[in-house]
């Protein structure tokens, strides 16, 4: 039976997709607002002023602080209340941004900065980003496209000297928290939270709302057993110190989580998302042409994300990350050359299209490389390497580092454009090279493996005395086990969806509701989750 928006499973996926689209909307929104003359005049800054980057970047500081507060709130008062508080905060921050400098209000830039920070506080509920997979991240790019289309239409109809060309996209953003607030009221509280707070009857009702009454006994039993085990072995009392201090059991997974987010920021593509038109201007295009080319790039980005959720379980997280870094490094090196030629084409007698067309192709291919290879894995890997007892803290750390790293990159990018010009592309080529080498050396392949199998990597690394993936048990974690989704699989139908069975009698892979896959190895189900299953994991249903 086809899922309907009236059932809880569809509501969960719809909520997750809307949440992740909200992040993308902000990126696309600020991309053109930064070039609006009325906005710059109202803020009292020039387009080349470093404060342009500060206004964009402080949002990520808000996300960083908000991740900590949201994690505490969800652990103490439940995830449902945490979500509602976050959405309310985001809505207030958005209204503050809209009112900045309105009707001659003084201190516009300070009001805008406060609004950006407050909105960041609201958009930081950690598991909404930390467990989102490639299907949800396509919704992120949908939000980016939506914002840019709205911005572009208003800019070309009202002009860059009209305040409503930049205020309207901000207030339209209120649609997201309003819709999410309505859906959040329909979602059940996390069963895991109920079990942790000795409320098993409410946990049973929560499970029944999503999975039906038939699933209650098995799932509530699993939750209680897991809770009892955590109480017995003390794993349920893991703190941030256990994750962040050298020598503790979870320090190694935390380093991988942190570097995954740092390296994603070093790819430079957060800057491309926010400052797209300026990049095409560096390649020699006029403002209007640069804006339309940016729109085309974002639409291409959205389409290429389909390959991300096709390849992530077939090729593996590690393969995508390393391959993506290579192609991004090559692309940015080419953009350095093309940007240099474009900047000097007058003296060299080079026509615009001679550098412009190769520049467009190169930037579009770089967009595909990032979207397919680097957008999703840094958020997925932490859900596969931390035990359930500290997965919330691990996801919070992931968002904190994401916020700090993106704050730094979005702050420095406009400064780089103004001072380094096309040489900024060379800097990104180098940082992508570093990201690829570090990933190849230290990040294990966590896909198609159970949590126990991934934990084995850290145990073996400690025995080996090395974190180098190639040195741990003969490089067993370099690739997907048994070649991943290779050849020789026979497909057969099962009531819940397509099922594949390995021709060698090995693992069985089933395609789950809403996309994604899971591998059965005896009684162990390997973590390769759909958006719904990711929510189940963070909510303690699975």
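Every residue gets a Cβ built from N, Cα and C, even glycine.
Source: prediction; values computed, not measured.
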Looking at 292-312, 460-480, 481-501, I want to know which stretch TrEMBL calls transmembrane segment.
292-312
According to TrEMBL, which listed range is transmembrane segment: 170-187, 188-205?
170-187
Under a Cβ pair cut-off of under 8 Å, which of the recorded stretches 12-33, 95-119, 319-342 contacts the transmembrane segment (139-158) most often?
12-33
Which whole-number mean pLDDT does the model give the domain 'Major facilitator superfamily (MFS) profile' (12-447)?
87
With the greatest number of Cβ pairs under 8 Å to the transmembrane segment (396-417), the stretch among 53-74, 95-119, 292-312, 348-375, 423-443 is 53-74
Quickly jot the same-chain residues contacting the transmembrane segment (348-375) by Cβ under 8 Å, restricted to those at least six beyond its ends, or write none.
134, 137, 140-141, 264, 267, 269, 272, 279-280, 283-285, 293, 296-297, 300-301, 304-305, 307-308, 311, 320-321, 323-325, 327-328, 331-332, 334-335, 338-339, 341-342
